[in-house]
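Working notes, beginning with the structure itself.
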Number of protein chains: 4
Amino acid sequence: MAGNSFGQSFRITTFGESHGDAIGVIIDGCPPNISVDLDFIQAELDKRKPGQSKITTQRKESDTVKILSGIFEGKTTGTPLAMLIPNEDQRSKDYSHIQDKYRPSHADYTYQTKYGIRDYRGGGRSSARETAARVAAGAVAKLFLKELGISIFAHVSAVGNIEAPNLGDLDVNQLVAIREANIVRCADPATANQMITFIDSVRKEGDTVGGVVSAVIKGVPVGLGEPVFDKLHADLGKAMLSINAVHGFEYGSGFSGASMRGSEHNDIFVNPIKQATSLKTLTNFSGGIQGGISNGMDINFRVAFKPVATIMRSQSTINQQGEETEISGKGRHDPCVVPRAVAIVEAMAALVIVDHYLRNLNLGRA
Amino acid sequence: MAGNSFGQSFRITTFGESHGDAIGVIIDGCPPNISVDLDFIQAELDKRKPGQSKITTQRKESDTVKILSGIFEGKTTGTPLAMLIPNEDQRSKDYSHIQDKYRPSHADYTYQTKYGIRDYRGGGRSSARETAARVAAGAVAKLFLKELGISIFAHVSAVGNIEAPNLGDLDVNQLVAIREANIVRCADPATANQMITFIDSVRKEGDTVGGVVSAVIKGVPVGLGEPVFDKLHADLGKAMLSINAVHGFEYGSGFSGASMRGSEHNDIFVNPIKQATSLKTLTNFSGGIQGGISNGMDINFRVAFKPVATIMRSQSTINQQGEETEISGKGRHDPCVVPRAVAIVEAMAALVIVDHYLRNLNLGRA
Amino acid sequence: MAGNSFGQSFRITTFGESHGDAIGVIIDGCPPNISVDLDFIQAELDKRKPGQSKITTQRKESDTVKILSGIFEGKTTGTPLAMLIPNEDQRSKDYSHIQDKYRPSHADYTYQTKYGIRDYRGGGRSSARETAARVAAGAVAKLFLKELGISIFAHVSAVGNIEAPNLGDLDVNQLVAIREANIVRCADPATANQMITFIDSVRKEGDTVGGVVSAVIKGVPVGLGEPVFDKLHADLGKAMLSINAVHGFEYGSGFSGASMRGSEHNDIFVNPIKQATSLKTLTNFSGGIQGGISNGMDINFRVAFKPVATIMRSQSTINQQGEETEISGKGRHDPCVVPRAVAIVEAMAALVIVDHYLRNLNLGRA
Amino acid sequence: MAGNSFGQSFRITTFGESHGDAIGVIIDGCPPNISVDLDFIQAELDKRKPGQSKITTQRKESDTVKILSGIFEGKTTGTPLAMLIPNEDQRSKDYSHIQDKYRPSHADYTYQTKYGIRDYRGGGRSSARETAARVAAGAVAKLFLKELGISIFAHVSAVGNIEAPNLGDLDVNQLVAIREANIVRCADPATANQMITFIDSVRKEGDTVGGVVSAVIKGVPVGLGEPVFDKLHADLGKAMLSINAVHGFEYGSGFSGASMRGSEHNDIFVNPIKQATSLKTLTNFSGGIQGGISNGMDINFRVAFKPVATIMRSQSTINQQGEETEISGKGRHDPCVVPRAVAIVEAMAALVIVDHYLRNLNLGRA
């Protein structure tokens, strides 16, 4: 069984290679009667698209999305919603030099060995270009979440060793405004400047660097998540780990929780509005999820991205015939992937939340 | 859609509450003609069972497993393999004091709100007792992996701030021998002693502490993992995050990769045995997985566990009616969960690897 | 991917062989807070159990069901509901004569060839004994349907060439009373007598005979069914075809519709209670389903069962070594399976309706 | 959970409405290294497309398929294969007269009530136009089956009360040649002539008529089918019942088996080539499937289609406001759907067989 679908009730299936005709996505299970704001969907894609600034790849793609089905007179119909994003700026000849070489820390070797064939142009299916389809689907999910009063915010919280301080008590709109005012998409302006300078210097060295995207989801009702395997954080974790270059996921206290004691880690319940079903906790080491089910507090998590594997330097490697060879980076690549990854993290989070919102209805007889 | 199944081709479904008659698991998709070694399955369960030592809960359960179906004359038949583990030492009265109280950082509040009903005895379905069923299924998976020459090793690599050094180049059998010689299940004896002393002191304070389990999988062939969503590490991550108390997962370079540069992080291919399909890499920051597909190197990952929520101290909380109240730990609980979690981590890893091994056959025409 | 689960939102997984320790079923996705009437579940099982009358097998099984999990204080909890039915009257020696022989029109040859191993005792997993687990799960589904005002009725409408006339306008309770008053479970008493006499004569000849079970589902709301593949009748058809010995399924006009004209087959809409969402149709050739979605009319369908393959006569066959041999029926078998199959048809119908009821909630924003 | 996907290992998801921009399909799980013959795929679509003859609709669609992803240098790559069929001849104004009327025996009422919105143009998603996407996917499945030596043949065996005699012992190529020589696609030329004359007369009366498509699958190895729910015939049945207008499915002896005795119905095993794994049966009432698993004999089944609901006559009905109204057929419709349905039946059969072929590998260790 292949693995190009995600979600159960709000289920997406993506298709397409980096240098084929198009990439795209089908959403099956999209609730009917959602007003589809195409400008919003396009704006989400624009946050992920290449060529945005000096610290992203110079590859140019307009990433213009077209909806082929599933809407009627501007609203979703409950039938499959298919979206297509044509590929435009395909300089396939940029890749002829890697036709039979296995690029270090790329998927060339594993794809070739697994399938016995691969589209080597731009990484083919293993290219992060596939994530544009996720962002398009995630934008539709966000339109539904808006109706529900649920909002998602992600930003770049670390690049290399530069880490942003914890964000204060701003609302999501304020945070977005700050984040979008800088090209690295960090919601702390001072840190953003340091990050930009650093990425630019790394880029000039022909090198790349990793980073961390942190996210918060606000307004999630109590009850999302399906024990024991499809816990909400387990599906969030899978969603994030399925994004290209991600090597780690933690929520709530995360890895730091492993060195804490129960007496400090336990989140004490309080009942500020005195309704039995709307408790809060004084702390939130649980990250908004207890027993795999949302508890109504903010859901927060962090996602670690490794440095981009394509560097503008010569590296030794092996070719398809098993012989030693050299490879050097060509083409147009990102020195650091996290500024563009913010939109992908938000999209995947939106997909998980909508999926679990719809799954929860099945049991919702409380 | 509920969430009590895991895996696609080797699919398990668990059932049972902490204080019901029994817990159990069905494996659907178990390959036929595997010799079922019941002693091995029981031995795996014994590593997870309560009451093993002074640093685990004193609750006594023999956790004796019985196979109800799916084997004939000692071999699997390809039909559903059902296993049952009766519950024995149920002191349900230990839980009457929490009948209508929401224990901090437990699942009481979220289960009650989601379902409108809950079995409060011992946490009911949210109890980690459910993981015994996973260990039983994982043991069957391991029997299949043995035939394939794939082995899995996990151990406690951190408790609180005590961290084990990297393990040397020992084989899995040697590592298991060292690990099983101490009650904390750390493969470094000196660190193990420190951990044991620390956990015991925490226990005496009525407190609990978190920890980290690290794991390695050896002998995985190239090609396991199904892009783009069911990447091997994404499914490993979900598997680990679905274990009670887990708050973080990383593989390969993990979170530390986020601060590295591409030039140091890239794993350079070499070809020691000069066969085109058996490459190695000089480093292994990829953690044995590239593009979501195993590359033949060791797969390694780390799993963060929060401190156990039940502490032997008084805490304020809210009851089911929304009123403030006090709660104090009773019953028999673990001061630190990781020594028993080692078996669970290995079991879930085995389930993921077998599942992807069987899924890969679908496309295996290389 | 193996095939021992059925349903998406109300998902059952069955296990067990005819002569193993037990058979059973897990329901995952059972809504919480359903009152579980064990007597009702047992009564449903009693309609399927062997040894009921002279026209069923004389094999004796009490088919006593035990619930292992998923209920608390008499109500479902939303967690997996596991049910176990121990096997009692296992005369495995009855089957030693077929240990290596392939019984004609049984599953011996296909199981052996597919899996390379089989539990030959009583047909192992291929035995219709497995359907007891379905009846148990279906009984839980029926308890939920009762709350929704949906009822299901099936009866034996044909045995051999003896066919019952169309039933008049009785309600389900009346129909059940008539049906249960005769051992063949036909809701037309005169026809029932003919059927019983006929089956008894076939039995005395050491032969068997097929039959048809007809069913109606009343009270289904408009909107159940998920186009384009999971149409309500497609899932009903699959459910019925998955029952042992079933060779055909039709709904509404069925095969006779193939020889009709559109002008006579079209069901004309009327609006007796003058509400826009509660239309009726003058005829019901659509069988209560249009475009794969229930339209609020009675859902009716017919299921064809082949004659039982085990006959009390000598037949030539081939053994596992490929050699010609003779086989003669031993043990205790049904001369006609449909009287016991009525409960299975109702159970599978209940499972389909509940599953689609829960699936429909996902999109239910009309 | 919505229902626009079919299959597990070879999984298709279709999208698109009758009068949207395009319809299409994604295949996830297509084995790599299949040579993709675009002319063959187009030829399959041409058998289903409208406007072929006087007895099909005069609507004109070239149904030109384009592959967007999943192939490289003419071969499948194991990644999702997406195919697009643009909609061309959309006379949406033909449908303005039904904008708010519920056509009898169509899906207008059920879609509107289920989703609260519907694309009324040409039936939207409920249109049989969707089946073009199935035929395209089925054609890819057939390319894989060709490699395996498995062939599928379907033809029109009944229209109204005109039934074709049983076909003699011709091979599939011969049968196809006879069938394609007449516009009704019946493999008996004399019967074909009667059918054509009859359909044409029905058409002239503004009426429509139903029919039956019969099919045979040759060359299936022993072992396909996954008990107990995903029996091969159960999945074939679901596949067929999911096709627009289908009201019945039977395999092997089908409904006629219900009136037979075991002593005549049992298929006696013989071993003509004296190999233990290649048995034959003297008769084939089992239809090539025993216990839900293929037994190596021809698989045969019959599919009943109701008459097309759109007739060129005036009918009374109800509109969206619940008021009585009149409706009369406009546009271009088929007087009988079965000649074009032959390609759909073959496509769905191919999808089921490939899916089960790939699923079977999981357990194939015999």
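Cβ from N, Cα, C; glycine included.
Annotation comment: TrEMBL describes D:Arg48, D:Lys54 as NADP(+) binding site. A C-beta separation below 8 Å, combined with a sequence spacing of at least six in one chain, links D:Lys54 (NADP(+) binding site) to D:Ile183, D:Asp200, D:Arg203.
Annotation comment: TrEMBL describes D:Arg125, D:Ser126, D:Ser127, D:Asn244, D:Ala245, D:Gly291, D:Lys306, D:Pro307, D:Val308, D:Ala309, D:Thr310, D:Arg332 as FMN binding site. In the three-state DSSP classification, D:Thr310 (FMN binding site) falls within coil.
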Span of D:Arg125, D:Ser126, D:Ser127, D:Asn244, D:Ala245, D:Gly291, D:Lys306, D:Pro307, D:Val308, D:Ala309, D:Thr310, D:Arg332 around FMN - largest C-alpha separation, Å: 44
Per DSSP, three-state class assigned to D:Lys54 (NADP(+) binding site): coil
Binding-site residues (D:Arg48, D:Lys54, D:Ser127, D:Ala245) in Cβ proximity to chain C, threshold under 8 Å: none
Spatial separation of D:Ala245 (FMN binding site) from D:Arg48 (NADP(+) binding site) - C-alpha basis, Å: 15
All-chain count of other Cβ atoms within 10 Å of D:Thr310 (FMN binding site): 25
Least surrounded among the binding-site residues, given as D:Arg48, D:Arg125, D:Lys306, when other CB atoms within 10 Å are counted: D:Arg48
Against chain A, in sequence order - binding-site residues D:Arg125, D:Lys306, D:Val308, D:Thr310 with Cβ under 8 Å: D:Arg125
Number of Cβ atoms other than its own within 10 Å, given for D:Ala245 (FMN binding site): 22
Cβ-Cβ neighbours of D:Val308 (FMN binding site) (radius 10 Å): 26
All-chain count of other Cβ atoms within 10 Å of D:Ser127 (FMN binding site): 22
